[in-house]
Structures are given as structure tokens and as C-alpha cells.
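These features come from TrEMBL:
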BINDING   Asp36, Trp37, Glu39, Asn41, Glu50  Ca(2+) binding site
BINDING   His100  Zn(2+) binding site
TRANSMEM  51-71  transmembrane segment
TRANSMEM  83-101  transmembrane segment
TRANSMEM  113-131  transmembrane segment
TRANSMEM  143-160  transmembrane segment
Amino acid sequence: MGGAGGGGLGSVGGGGLLDIYAIAWEHLRPGSSPVDWCEGNYLISSNIAEFVNTFSNFLFILLPPVLMMLFKEYGRFVTPGIHVIWLLLIVVGLSSMYFHATLSLIGQLLDELAILWVFMAAFSLFYPKRYYPKFVKNDRKTFSWLMLLSAIAATALSWWKPVV
């Protein structure tokens, strides 16, 4: 396995395991994202690409715990799913901080997918039943499963083909 030119696990350029690591590392590399328009890069810190965008995301980490407390009764009497949105907003803050600090492709994907998951969670909780597709039959649980499967499919497709 992996002999001279055999394309085994240790071979480079032959589709081996090291090629997979090289490709994965390339997407983690700072600046690997094709998106870069928010602010000038490395103007305030030599370690953080977009300083203001990175630190403005602290609100996404600080506010959701406060909102969890403020919406405690809402979660108890209307829908506990509201707390999922607050948790996902924390994930948005963390992933957006990572993206704006590094401008890496992985950071961009994490940022965009976290936003997608918040949208799908909110959509499944608050979308009016009268606009549901007919096959859902006004069942919020079925609609929520449909939104979850859609989010999973979008996530899988994004990881499969991150840049179009």
C-alpha cells in the first residue's frame, strides 16, 4: 500500500490522504474566501483581517443569553423552539467572528450556513399555517421537519461544492 508511484495513503498528487488534507487546509487558509468587501484588511491589527466586523459580532454572543431570560415565559407557554433561535444566533456570532478575522473559505461557509439555519428555524416556528404547502396539511411539526431536511440538504450541498 503506497509503494513507489502506487497512489496509496501517503502519496501526494495521486488522490491519497495527503491530498485530502492539502485541500482541506487550503480552505482553512486565511484569505481563501472569494468574498472580501466589508472593510480594509489588517488595518487595525496584523492578526485580524476585518477588525470592526470581527468585534461587532460580540453582540451575537452577548445578547442571546439575555433574550433567553426575557423570552423564558414565551418559551414555556408558546414554543420552546424560540431558544433554539437564540442558540443559533450565538453560533452566527462565533462563525462570523471567525470568518471576518480570517477571511477563510471555511469561515465564510460557517458564517453563511449559521445564518441559513437561523432563518430556517425561525421560518419553521413563525411561518403562517395558511401558507403551508398542501401536502403538509397544516401540521407545524411536519413543516418543521421539512425545513430541517431543507437546511441539511443546503448544508451538504455547500460542503460538497463550496464555490460555484
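Every residue, even glycine, has its Cβ placed from backbone N, Cα and C.
Just so you know, TrEMBL annotations are computer predictions that nobody has curated.
Within the same chain, residues 33, 38, 47-50, 53-55, 57-61, 63-65, 67-68, 71, 75, 107-108, 110-111, 113-115, 117-118, 121-122, 125 sit at least 6 positions outside the transmembrane segment (83-101) and bring their C-beta atoms closer than 8 Å to a C-beta of that stretch. Cα of Glu39 (Ca(2+) binding site) to Cα of the residue listed as 'Zn(2+) binding site': a span of 10 Å. Beyond the transmembrane segment (143-160), the same-chain residues lying 6 or more positions past its ends with a Cβ under 8 Å from any Cβ of the stretch are 81, 109, 112-113, 116-117, 120-121, 123-125, 127, 129, 132-133, 136. Asn41 (Ca(2+) binding site) sits 9 Å from the residue listed as 'Zn(2+) binding site', taking the C-alpha atoms as the reference points.
With respect to the residue listed as 'Zn(2+) binding site', the closest of these binding-site residues in Cα terms is Glu50, chosen from Asp36, Trp37, Glu50.
The number of other CB atoms found within 10 A of the CB of Asp36 (Ca(2+) binding site), across every protein chain shown, is 13.
For the binding-site residues Trp37, Glu39, Asn41, His100, the largest tally of other C-beta atoms within 10 A is found at His100.
Taking the centre of the Cβ atoms of Asp36, Trp37, Glu39, Asn41, Glu50 as the Ca(2+) site, the nearby residues of that chain (Cβ within 8 Å, site residues left out) are Cys38, Gly40, Ala49, Asn53, His100, Leu103. Listed in sequence order, the residues of the same chain lying 6 or more apart from Glu50 (Ca(2+) binding site) and placing their CB within less than 8 Å of its CB are Cys38, Glu39, Asn41, His100, Ala101, Leu103.
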